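J.: Per Swiss-Prot, the features are:
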- 267-276: compositional bias 'Basic and acidic residues' (COMPBIAS)
- 284-308: compositional bias 'Basic and acidic residues' (COMPBIAS)
- 43-117: disulfide bond (DISULFID)
- 146-222: disulfide bond (DISULFID)
- 162-211: disulfide bond (DISULFID)
- 22-134: domain 'Ig-like V-type' (DOMAIN)
- 140-227: domain 'Ig-like C2-type' (DOMAIN)
- 99: N-linked glycosylation site (CARBOHYD)
- 112: N-linked glycosylation site (CARBOHYD)
- 200: N-linked glycosylation site (CARBOHYD)
- 223: N-linked glycosylation site (CARBOHYD)
- 267-319: region 'Disordered' (REGION)
- 1-21: signal peptide (SIGNAL)
- 236-256: transmembrane segment (TRANSMEM)
């Protein structure tokens with residue numbers, strides 16, 4: 001009898017403690033909201049304690065640690081914000097009436113993640129009351145960037161790539177192909193996000209390819225034109241490059257030759273300039289007259305000598 005009575009008392013105490021315990025819950029597991037908008041993370045708590053002395057706290061769960069979002073004190077009504085959440089987060093106006101929800105304004109991609117709501121009361125210090133909710137910030141895909149990897153030469157393999165820099169949730173990618181007559185043709189889809197591989201391309205591969213990037217809140221696309229060329233065009237291209245290089249070498253050689261010839265002419269001119277310029281020297285007119293007069297006197301004197309010499313010679317008798 002005593003043992004049964006003890007069991008009943010223990011059960012009654014357990015029921016009383018459970019009824020008096022603090023509980024916290026979130027009404028939704030996942031919330032979605034667009035970037036730049038506001039979202040309310042729901043959280044409610046239940047307690048039979050009338051004294052609201054304690055605090056409400058929200059944290060963001062990271063891989064190896066937690067990041068404080070906000071702490072709100074029941075008594076002082078003051079906020080303690082995390083580094084990224086100041087002036088962006090507010091607690092419900094009914095915080096003292098079992099509503100521990102918060103509203104986050106101006107959502108960014110960094111707000112994606114799992115959040116934990118906890119309520120602590122002085123009268124329920126032994127109770128660890130927490131609940132979690134996941135926030136997914138929605139961002140439409142940005143216009144994808146399409147590109148070709150490989151040479152568009154008949155017989156080659158090429159890859160078509162498509163990627164959006166932004167998008168939450170992560171965009172899904174799909175491809176469509178149209179021939180030169182604008183007729184859609186069947187295409188084996190790659191795994192979303194992987195390049196589209198085109199093997200042994202030919203004229204049948206020619207046309208344009210459209211990549212579509214989409215998620216829950218938007219859709220964007222880009223297109224690529226595929227025009228395979230014959231291998232001979234590569235030979236012509238290389239020949240053109242070689243011819244251009246040859247012409248460039250000839251031009252450089254002519255320039256070097258002209259420079260060398262000019263340098264040689266400059267040296268010869270310098271050598272010529274170093275010689276005295278005899279033609280440039282002229283005898284003054286006065287001296288020219290004196291020299292001319294002296295020459296005339298000298299000629300007259302020679303003439304007289306020749307004349308006198310001829311007359312003074314006696315005639316020889318004829319034998």
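Cβ atoms are placed via backbone N, Cα and C, with glycine included.
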J.: Helix, strand or coil at residue 43 (disulfide bond), per DSSP?
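T.: In the DSSP reduction, residue 43 (disulfide bond) maps to coil.
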J.: Could you break down the residues of the domain 'Ig-like V-type' (22-134) into DSSP helix, strand and coil, giving a count for each?
T.: 9 helix, 55 strand, 49 coil
J.: With every protein chain in view, what's the tally of Cβ atoms within 10 Å of the Cβ of residue 200 (N-linked glycosylation site), excluding that atom itself?
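T.: I count 9 other Cβ atoms within 10 Å of it.
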J.: Starting from the Cα of residue 223 (N-linked glycosylation site), work out which of the recorded positions (99, 117, 146, 162, 211) are within 10 Å.
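T.: Among 99, 117, 146, 162, 211, the ones whose Cα sits within 10 Å of that of residue 223 (N-linked glycosylation site) are 146, 162, 211.
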